[in-house]
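**Student:** Let me give you the structure first, and then I'll get to my questions.
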């Protein structure tokens, strides 16, 4: 029988329940690394006036999104791995699901804005400062938030009226739309159709437009005569390309596991889920810290100051 507000059971790792408290250690380390790295990026951009430019404001948006996404999921996973609290309430589950999908959508939009920023900087350098002002950057940030919320708010709303009467065990250590929807014992077609449409219109469209902006950037770079000049111009895009891959590869991997991975070991689902949540959050600050001299120097100077 279904009750009005079911709770769900977070996935444990079959056969490895006893080792979960140990498996939480790398997860906790990655989370702390993500907090430190993204926190450092936010601090450095705030303290360094030379970094008060659109590109670095976008970077701050990414850092804030990654912090929020990791914090919406990892502490809950750790409380389950360490203290065995496997049950998550219906409302808490829907809220977590909404945050994961919305924040991912916002991150996708910001990555697209960064690709457009690179395109304008390389293909229309004289107009770059006029087009991408600080005010325009702030508007893009607000637009990204509005787009994420508007597209993904219907997901929990479509799940709310559904009855859940069979298994309550999720296939991840956190709540994802498709995962929760598969546990409903009613017609989920509207939910399926809407979920797929939202992902295609946000992440799918962004991925296509990012690819398009890089095709235009490549065409502009190849027009340059000297190889050294081509490499120098294109090297300004390397960090962004790495960050795009760090976001989209786990996203696509997780989608593929959901669609076609019914027969895969539960461990694969759990690992893919954790990679999706943590890889961008851990890698983004490292990529930009290594590739951006100003961030690099400022972080080192902060470390030296704290050492004294």
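Glycine is no exception: its Cβ is also placed from the backbone N, Cα and C atoms.
Owing to the predicted nature of the structure, the values given are computational and were not obtained by experimental measurement.
So TrEMBL has the following annotated:
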TRANSMEM  20-44  transmembrane segment
DOMAIN    37-288  domain 'G-protein coupled receptors family 1 profile'
TRANSMEM  56-82  transmembrane segment
TRANSMEM  88-116  transmembrane segment
TRANSMEM  128-153  transmembrane segment
TRANSMEM  192-217  transmembrane segment
TRANSMEM  238-261  transmembrane segment
TRANSMEM  267-290  transmembrane segment
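Each of the listed features needs to be described in terms of its position in the shown structure.
**Tutor:** Using a Cβ-Cβ cut-off under 8 Å and counting only residues 6 or more beyond its ends in the same chain, the transmembrane segment (20-44) has close neighbours at 12-13, 51, 59-60, 63-64, 66-67, 70, 74-75, 77-78, 80-82, 274, 278, 281-282, 284-286, 288-289, 294-295, 298-299, 302.
Remote same-chain partners of the transmembrane segment (128-153), defined as residues 6 or more beyond its termini with a Cβ less than 8 Å from a stretch Cβ, comprise 52-54, 57-58, 61, 98, 101-106, 109-110, 113, 117, 120-121, 198, 201-202.
Proximity of distant same-chain residues to the transmembrane segment (192-217), defined by a Cβ-Cβ separation under 8 Å and at least 6 residues beyond the stretch ends, is recorded for 101, 104-105, 108-109, 111-112, 115-116, 118-119, 122-123, 147-148, 151-152, 154-155, 158, 177-178, 181, 234, 237, 241, 244, 248, 251, 255.
Sequence-distant contacts of the transmembrane segment (267-290) (same chain, at least 6 residues past either end, Cβ-Cβ under 8 Å): 11, 13-14, 16, 27, 30-31, 33-34, 37-38, 40-41, 59, 62-63, 66-67, 69-70, 73-74, 77, 100, 107, 171-174, 176, 239, 242-243, 246-247, 250-251, 253-254, 257, 261, 296, 299.
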**Student:** Can you work out the mean pLDDT of the predicted model over the domain 'G-protein coupled receptors family 1 profile' (37-288)?
**Tutor:** 91
